[in-house]
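**Q** The structure's right below; bear with me while I get my questions together.
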Amino acid sequence: MPPRSSKKALTLCLFQSLAGVLFGWSNSEGSGLFNMTSYQTRFGECDASGLCTLSTTRQSAITGLLSVGATIGAVGSGSIADRFGLRLTCLIFIFIYLIGAAIETSAMQTYGQICVARLLTGLGVGATSGLVPVFQAEAAPPRFRGLVTGSFQLCVTLGIWGVAITNWGMSSYAGDVSWRVPVGLQMAWAFLLLIGFVLSPESPRFLAKKGKWDHCRKNLANLRGVPIDHPDIETEMGEVREATLKDQEQGDASYLECFSTKDRILWRTMIGIFVQIGQQITGINFFFSYGVQFAQTAGIDNSYIFQIILASVNVLFSFPGILAVDRAGRRPVLLIGGALMFTGQIVVGSVSKAYPDNKIAGDVLIAFTCLFVASFASSWGPVAWVVCGETFPIRLSSLCVTLGTGANWLFNLIIAFAAPQIQSIIGTGICFVWAGCLALSFTFAYFCIPETKGMSIEEVDALYLSHCPAWKSNSFKASQASTQKLASEKAYARSTHREGEAGKASNQTSARTSAEGAMV
């Protein structure tokens with residue numbers, strides 16, 4: 001059990017992880033909605049016979065506009081938070097999300113209304129997906145920071161799973177209730193998240209940055225559940241003050257610095273951006289955004305059950321991923337996961353093309369799609385965020401991570417618009433496209449992403465400044481330890497030698513003094 005001083009902060013931080021549910025729910029709800037008759041009738045295009053369908057263009061727009069809003073929200077919310085604080089900024093964007101969700105739930109027959117709603121919900125999702133982990137990292141007790149960060153990623157998978165279950169449950173109902181319930185439920189999660197932030201104090205680090213030291217101390221004590229004069233608060237306030245003054249000496253950080261060649265910052269920024277892009281081009285969000293349509297194309301009878309199976313595997317295998325990243329290391333998890341995902345996509349594409357509408361082939365397709373999802377959930381899913389979060393110096397971390405998050409949503413947007421069009425032309429052959437992208441991601445991980453398991457931020461800085469190749473980085477920490485040990489031994493030897501020389505000189509001086517005394 002965590003000590004009393006950790007309970008409040010842990011409770012609030014875990015409550016804020018509901019932002020992950022919004023992320024997963026909003027990003028995946030369309031997969032089931034697009035197949036519902038009532039939704040097609042209201043927002044699709046109808047022919048002379050009265051048959052209504054939702055074109056791939058409209059599907060792409062509805063899915064993609066969420067990513068447009070999220071990209072803007074992710075990149076733009078950072079500067080707003082620097083000015084008004086993390087708590088207030090999150091409250092503003094959650095309120096925007098609620099407005100968008102209300103518009104989407106109440107939509108009648110106007111396709112444009114859905115588009116505006118998705119743009120607004122995207123703004124909320126993008127901002128909270130970038131700011132909540134930053135708030136959690138600042139507010140959570142250091143020894144529980146990994147647990148809190150992992151809970152956010154887990155909530156993303158729970159959101160995907162929850163919307164898959166809801167879509168399946170409502171698919172048997174006729175009328176508007178079939179789609180209004182899945183869309184409306186996102187307001188419940190957003191409202192709970194809003195309550196969590198209403199009850200949360202402002203980030204102590206933000207208050208320190210603004211010079212509000214008394215308020216900073218009060219909020220820190222509030223989060224830790226102890227009096228403001230508690231020794232632990234004195235210690236942590238000292239750390240906050242030291243870090244704040246150090247940042248102030250260097251001046252305000254800017255996005256321009258993220259592209260500076262000094263200290264290999266540009267190279268590190270590119271790693272943060274490309275690892276997030278690599279996460280998206282695996283094709284994972286295609287299966288959760290258009291999984292029902294893919295299943296129909298592949299000839300699977302119950303496409304909703306297929307979606308539930310994938311979502312369940314995604315949740316289940318998130319746990320070993322969270323554990324493996326600190327035990328096996330970043331590189332092995334990314335490389336093994338990438339190889340398994342590549343295998344899954346090749347088999348799914350080959351089987352679906354060679355044996356369409358074959359039941360045994362359908363079972364093989366489900367099995368290897370599950371292999372792909374399980375491999376993602378335990379590798380590139382969580383580890384891409386870990387790599388992105390620990391690659392940068394503390395002073396630039398929030399800005400560089402924001403760029404990575406923006407790249408993530410930008411490619412989510414590109415895939416949302418392009419994937420349905422590609423699938424309409426080549427069908428399940430789209431799996432070969434994902435396989436090619438996975439080959440690129442694997443190559444990038446091997447040659448560019450170093451091993452940083454167990455390293456402090458200072459050690460990560462030293463690793464990048466050493467220009468050590470990524471594929472040799474696993475031995476960097478050991479070599480550093482050996483170098484330090486050797487330096488210590490040499491320093492000790494020199495010290496011993498100097499002491500010996502000093503002792504010898506002292507003996508010689510004593511001998512001369514004795515001789516001179518005897519002569520006198």
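Any Cβ shown, glycine's included, is placed from N, Cα and C.
No curator has checked TrEMBL annotations; they are predicted automatically.
Taken from TrEMBL, the feature domain 'Major facilitator superfamily (MFS) profile' covers 12-453. Among the features that TrEMBL reports, region 'Disordered' is placed at 495-520. Look at TrEMBL and you will find 1-24 tagged as signal peptide. What TrEMBL lists as transmembrane segment is 88-105, 111-135, 147-169, 181-200, 271-292, 304-325, 332-352, 364-387, 399-419, 425-449.
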**Q** So are the transmembrane segment (147-169) and the transmembrane segment (364-387) touching or not, going by 3+ C-beta pairs under 8 A with a sequence gap of 6 or more?
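**A** They are in contact.
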**Q** Could you check whether the transmembrane segment (88-105) and the transmembrane segment (181-200) come into contact, where contact means at least 3 Cβ pairs under 8 Å with the two residues of each pair 6 or more apart in sequence?
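**A** In this chain the transmembrane segment (88-105) contacts the transmembrane segment (181-200) - 3 or more Cβ pairs sit under 8 Å.
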**Q** Quick one: average pLDDT across the domain 'Major facilitator superfamily (MFS) profile' (12-453), no decimals.
**A** 84
